[in-house]
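Peer 1: Can you read through this structure? Questions will come right after.
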Amino acid sequence: MDRVEKYGLQIDAGLHRFLVEEAMPGTGVDADRFFSAFSDLVHDLGPKNRALLVKRDELQARLDGWYREHGAPVDMEAYEAFLREIGYLLPEGPDFYVSTANVDSEIATIAGPQLVVPVMNARYALNAANARWGSLYDALYGTDAIAETDGAERGKGYNPKRGAKVIAWAREFLDASAPLAAGRWSDAKSFSVEGATLTVTLADGTKSAPRNSVQFAGYAGDPAAPSEIVLRRNGLHIVIVLDATTPIGKADAAGISDVVLESAITTIMDCEDSIAAVDAEDKVLVYRNWLGLMKGDLEEEVTKGGRAFTRRLNPDRAYTAPDGATLTLPGRSLMLVRNVGHLMTNPAVLDRDGEEVPEGLMDAMVTALIALHDIGRNGRRANSRSGSMYVVKPKMHGPEEVAFACEIFARVEAALGLPANAMKMGIMDEERRTTVNLKECIRAARERVVFINTGFLDRTGDEIHTSMEAGPMIRKGDMKQAPWISAYENWNVDVGLECGLSGHAQIGKGMWAMPDLMAAMLEQKIVHPKAGANTAWVPSPTAATLHATHYHRVNVAEVQASLKSRTRAKLADILSVPVAARPNWTEEEIQRELDNNAQGILGYVVRWVDQGVGCSKVPDINNVGLMEDRATLRISAQHMANWLHHGIVSEAQIVETMQRMAAIVDGQNAGDPNYQPMAGRFEESIAFQAALDLVLKGREQPNGYTEPVLHRRRLELKAKQGA
């Protein structure tokens, strides 16, 4: 690998070329200033980063020793006292409110869906950024949200019976979201704008209007016969598209051809758990796509239905407001970027001792440099109109690590000439030590915090690893009913509201992991806004459009106001360990648990290691497609490792299960021409060996993280391919 030496850093030549020739021009930052500051950052803060990781291991060792002696805690007071004594559970300081300033309304005040997308994939990134607006008709027609009964099958061509059900659903949605003073939306015949009023002429000739006139936000086209009508509810917009020249509009009594919803209000462009970036070549791909998003020139050639076209970022949408002024609505989702956490290093840059630099330091420096194209002195202000950069920081353990991330951000701001606190922070509440010290974590970032989010997947992985020695864990499917998890979800909202996050920041909930099950999502995911979360994660633009309907039905600001008076969730519940009281499962139950875990692990790992795909839809044992990323992998691997450690299963049983399930995963991937089968070549399949490592060596992985094994095995495969 060719390297360029700068201020004691050995930088991969390809990364150096990208930074100097592509990322820096237009930012006002010159190469010497950048690399000098980057070197200072690495050499000043690298040792502190490593010390924090040592502290994680020391605390884990103390916990392991306690559990080996006591088992799962019964006397919670004694357990709590031990956690305080070792510095795991910290004293809580006085009440305070966060003071984060210059936050865009998409984060501060608008409640709505949030996408998380692998930024390494330009097509996915563009689709997500453009998912600010989505067709409700398409989302309903193309998913199981509308049942395929009574002749309403999806089929190949357009099915008018299905279309009629879609239209009826959308009209009922309009009745609930923007009711008319008289009549229903299904009675509408035509529309006009008279003065500042939307007039809806009904089939019987009577005139109606929205019951609440403030809900009419604007229109496009001729006021006597508008082409689009904009309505607003709970800060979210609905666009009714009127076009009688289209097949749908022609068949519609009112000429409505579509109902478009403001959908993914925010999107996390992910450099972490949903991607596989193990070296400089990969990191340049990640950073180049982020650069295209910040400069607004990211493009991707797409072929759909035999037609080729170029996908670009959508422009803003212009309408006429009721008072005649121009109403401009953002065309794109507000983008956040998720950097990696404090754990991993990357060979893209070496320090003066020849050691790999902490990847989190590199991500902070490079993603912020690139964000100058949006928020710098000459920035476009096309993403953040408030001049902020939004960085999601994952996998932090406790307030000291949050404070360290703030220190990194402050150093980067100073290096790049950004105002203090321009780099905002999203805190993933996905590690147990962060959960139990959440108030102090928020305090450490009180001038930067723009979201706290419960990542229940990683959080479950950490729960298992933290208490690995306490005993065999309950089955994975039973985790969601365990006392700690509901307490954790409520505690996050309670503490966030106590710290004054309303109006400043998002309180977020986790991912709906079944992208094909949209009817179930429509039924169930409304619990997130009802729980006081003003955002929640969805797996696709379509899911964002459907989940957006929940924020029309639930006014999250009102929910949050009502929750402020409730008693905070109990710490003792959060600290309860999900160990099986009587692990008396049948052999069949144990084997089914192993099969399901093994299938998820193999289905994900084989694509990660062999093809560098960091986010996959993997069929589970019941053939339901589940979105798998490193967080779901962490749970499955740690769960199997726990049962192995406590003798519920044997190593031979795990190997047999993995080999048997590998053949099933091979079959599920039979249609992929790039796929390398695992069955029959278990010793030589690097992916299969990686999957085994994750389980058989699961106890020794730092905090149960999967990155060290995945990175090592992917690099091994790339070296083999390059040889």
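Glycine too: its Cβ is placed from the backbone N, Cα and C atoms.
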Peer 1: Let me know which member of ARG162, ARG307, ARG311, ARG312 Swiss-Prot also records as binding acetyl-CoA at the site of VAL116, ARG123, TYR124, SER274, PRO539.
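Peer 2: As annotated by Swiss-Prot, VAL116, ARG123, TYR124, SER274, PRO539 share the acetyl-CoA site with ARG311, chosen from ARG162, ARG307, ARG311, ARG312.
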Peer 1: Given that Swiss-Prot annotates ARG338, GLY455, PHE456, LEU457, ASP458 as binding glyoxylate, state which candidate in GLU301, GLU430, GLU489 belongs to that site as well.
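Peer 2: Between GLU301, GLU430, GLU489, Swiss-Prot records just one in the glyoxylate site with ARG338, GLY455, PHE456, LEU457, ASP458, namely GLU430.
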Peer 1: PRO539 (acetyl-CoA binding site): which of the recorded positions GLU430, PHE456, LEU457, ASP629 is the nearest Cα neighbour?
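Peer 2: So, of the listed recorded positions, the one sitting closest to PRO539 (acetyl-CoA binding site) is ASP629.
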Peer 1: Within 10 Å of ARG338 (glyoxylate binding site) (Cα-Cα), which of the recorded positions VAL116, ARG123, TYR124, ARG311, CYS615?
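Peer 2: Those close enough are VAL116.
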Peer 1: If you measure from the Cα of ARG311 (acetyl-CoA binding site), which of the recorded positions GLU430, GLY455, PHE456, LEU457, CYS615 is the nearest?
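Peer 2: Minimum Cα distance from ARG311 (acetyl-CoA binding site) across GLU430, GLY455, PHE456, LEU457, CYS615 lands on CYS615.
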Peer 1: Output, ordered by sequence, the same-chain residues six or more apart from ASP629 (active site, proton donor) with a CB under 8 Å from its CB, or 'none'.
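Peer 2: Spatial neighbours, sequence-distant, of ASP629 (active site, proton donor): ASP273, SER274, LEU457, TYR604, GLY614, CYS615.
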Peer 1: Cα-Cα, whole number of Å: TYR124 (acetyl-CoA binding site) versus GLY455 (glyoxylate binding site)?
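Peer 2: A Cα-Cα distance of 22 Å.
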Peer 1: Tell me which residues of the chain lie with their Cβ under 8 angstroms from that of GLY455 (glyoxylate binding site), as long as they are six or more apart in sequence?
Peer 2: PRO394, MET428, ASP429, GLU430, GLY510, ALA631
